[in-house]
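Scroll down for the structure; my scribbles are underneath it.
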Amino acid sequence: MSTNQIILTDQGDNYVNVWSHVAQDLYNHYGETLYNSWFSKVNFIESSLNTVILCAPTNFVRDWIKSKYSMVILQLFQHYNNTIKSIEIITKELPGTTQTVTELPTKTFADIGSSELNSENIFSTLDARFTFDNFVVGAPNELAYAAARAVAESSGAVSESNPLFLYGGVGLGKTHLMHAIGWYIKQHNPSRKVIYMSAEKFMYQFVKALRNKEVISFKEKFRSVDVLMIDDIQFICGKDSTQEEFFHTFNTLIDNNRQMVISCDRSPSDLDNIEDRIKSRLGWGLVADVHSTTYELRLGILESKIEQMNVKIPKDVIDFLASKIVSNVRELEGALNKVIAHSNFTLKEITLENTQNILRDLLRSNERIITVEDIQKKVASRYNIKLSDMSSSRRLREVARPRQIAMYLSKALTPKSLADIGKKFGKKDHTTVMHAIKKVEELLENDIELREEINLLMKILQN
């Protein structure tokens, strides 16, 4: 049992106190703006039969919290009281004690003392929305997902993927997988000490420890864990002192068979302004990339989110979002949330026309939209072949492979059907395009160099 968990068995004032802790955690995690928008007017009403009852000020706030934050709130309550099994959010207050938490002090890094530096609690740094159960798996992320799952399920032993290095563009799921690892371990192996934090926060805590002469405490905190997860490691590029400390922390953990998980926006070999000895170590274990989403994966993500939020969205709207919002998962989910929120606020039906109007600014940025012709030109230039080779029937490998890659990218980055794509490649039929896509997907499973090449092409085309 975690030493910082508060176990309460009675009701009344104790639960009011727990709600105060939960509210503080929500404030710390989501920030002042979001907290004031959704949580500041929520009241604790009572607890009954292991259920906590909260009161929201309006039906809309109630429904929004239920759809997006109910699991977060439940897990926070369970952190302080493991007898709580569910929460209920109502809009009509019941008789009894109520507690509203409205103004909470912001806790800055400067306020963190040595006792907090040594805290084993990672709960407040994990987002309960990010679990393995709600991670949608597809060809672009299946290796990263399988590796993350293996790390989480290693039951105290170090996985073969040590360190596990996840890399890819913004909003593609790297952070989701790291949070999922943390949640899984805390739920199934609560005795294991886990730390998750960004590389930026790692640096700030190191600087703070130097300033306050608490370096020993800092080293003990990070070198005594069972699992250390550092997000966005590219942040330490060019920061020599932080790199030095990270290097020794890395060595200590690996030498003691402790697991490390690291994320980055590029592969270890592409990192600049970082020591070669660190770059080499980052590639010791499994390097798994999370590349840009396909139409099918975007469709699956949308359907999963819609099911979680228990809303009804017309099929043509879902298809439109999956076809048009191609940059990353974060932007895709944000677009869906914006459409739903607009409908709730205005009480207007969700239609394709309304969706196009609501998202017109976002669509404009995505509509630098990549055409099949753009892809053909870029791939032909990249592989030094003639543009006319894209529509030819030449079977030479140096021509056929770039053509297959261009077909794969056309499916991933445009809303065109297989038949339409085939027409752009010398009037080839849809089965030829399907074969090309399948061939590239098979190659991507084992060819790291090809994955990096396609990721680079996607970034060039999208930017």
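Even glycines carry a Cβ here, placed using N, Cα and C.
As recorded in Swiss-Prot, the features of this protein are as follows:
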type    : residues                       : note
BINDING : GLY171, GLY173, LYS174, THR175 : ATP binding site
REGION  : 1-83                           : region 'Domain I, interacts with DnaA modulators'
REGION  : 83-124                         : region 'Domain II'
REGION  : 125-343                        : region 'Domain III, AAA+ region'
REGION  : 344-463                        : region 'Domain IV, binds dsDNA'
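Counting only same-chain residues six or more apart in sequence, the Cβ atoms lying under 8 angstroms from the Cβ of GLY171 (ATP binding site) belong to SER327, ASN328, VAL329, ARG330, GLU331. DSSP assigns THR175 (ATP binding site) to a helix.
Note: the region 'Domain I, interacts with DnaA modulators' (1-83) comprises 46 helix, 11 strand, 26 coil (DSSP; helix = H, G, I, strand = E, B).
Counting residues of the region 'Domain IV, binds dsDNA' (344-463) by DSSP class, helix then strand then coil, yields 89 helix, 0 strand, 31 coil. Other Cβ atoms within 10 Å of the Cβ of THR175 (ATP binding site) number 20 in total over all chains.
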